[in-house]
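Single-structure report; data block below.
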Amino acid sequence: MSLEKEAQEENKREMIKHKERNMLLNEQLKALHKETEVQIQRQTEQRRKEKERLIALEKSALEENTREIMKHKQRNLLLSKSMETEKQKKLKKIEEERRMKKKARKKVYKAQHRETGKLIALKTLVLHEMNDNYVFKCVALEQRILRLGSERQCLFLSSLVCSFQTEHYMCLGMDYAEGGNLESYLTEGALPLERVRFYSACIVLGLQFLHEHNIAHRDVKPENVLLYGDGYAKLADFGLCQEGMAYDSINMDICGTLPFMAPELLRGHYSRSVDWWALGVTMYILLTGNDPFSGANAEELLGNIITEVPDFSIDVTEDTMLIILNLLEENPGYRLGSGENGAEDVKNSPFFQVCCSCILQTRFTYFCSYLL
């Protein structure tokens, strides 16, 4: 009986312990569950805050990007306006130059020199229009260079025969060019390669003379190349020349004839190598009958001169294409003729090597050909 009672009491104690363990376990589970809920709430809150932070960062980045895009657009707009303004200024300067040159109303007459009886081209300028300082400088400059060519007996420049003044006119008498100018021969298109080679060689030798006397022509073009009875093509029209242009001299005046102007001349910072660019344009026109650069208007033409490359779809010899590409090199530092050797580098190119050495012997052959 006592054993049974002891067993019952032992069983009760075990049950009490089991209940206590269960209660403790339940409390622990409750505490753990509560802690888990707190952690979940905390993580949820952190995720919410992180999401809000990311959204805020994304919004901030988007706003910053939008601001940068707007700034970029504004800068581009300002730059575009600045470039347009710069283009307009350059075109205005070129137009002003053309207008001023036109203002110096000059007429050229075929006349006879009283003392020698030889035919001369008599250029007359109205005196009252020479009161303008620009016009006066151009006329005086042309007279000096014509006289220089005459005194040094340069065969490749138009030279001065006489100069005098009447009551109303300033007159410059120059050698008469029986063959007219090169431009007049382009009405029917391109010229034969050998004629282009000969005329171009004459221009090279004329430019060599000018550059050796530190003069940049700045307006080389077919219209300013005259064909004479002695067989030579000679440079003329020296009103836009710039004196004091040594090999390394820099000038910033914008002047010339737009289709023949080098990119750096249009930018307003150039050396006398702009003459070699103009020679390249002239040779291209003589060979093709077309301009290497074109545009629907002056502004587009200016842009194309700076950015485009001439089309060589025409059939020309390799040495012909090479010299024109080298003369039309956009970077003046790499342009043919721009180095210290100047014209010698141009003369030594494959295109000219033979012609420049025998030009004195071939002159009458070519003169006869263009008179026919």
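Cβ coordinates are placed from backbone N, Cα and C, and glycine is handled just like the others.
Distant neighbours of the compositional bias 'Basic and acidic residues' (1-14): none; no residue of the same chain at least 6 beyond its ends has a Cβ under 8 Å from one of its Cβ atoms. The compositional bias 'Basic and acidic residues' feature in TrEMBL is assigned to 1-14.
What TrEMBL records for 1-20 is region 'Disordered'.
What TrEMBL lists as domain 'Protein kinase' is 94-352.
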For the domain 'Protein kinase' (94-352), what's the model's average pLDDT? 90
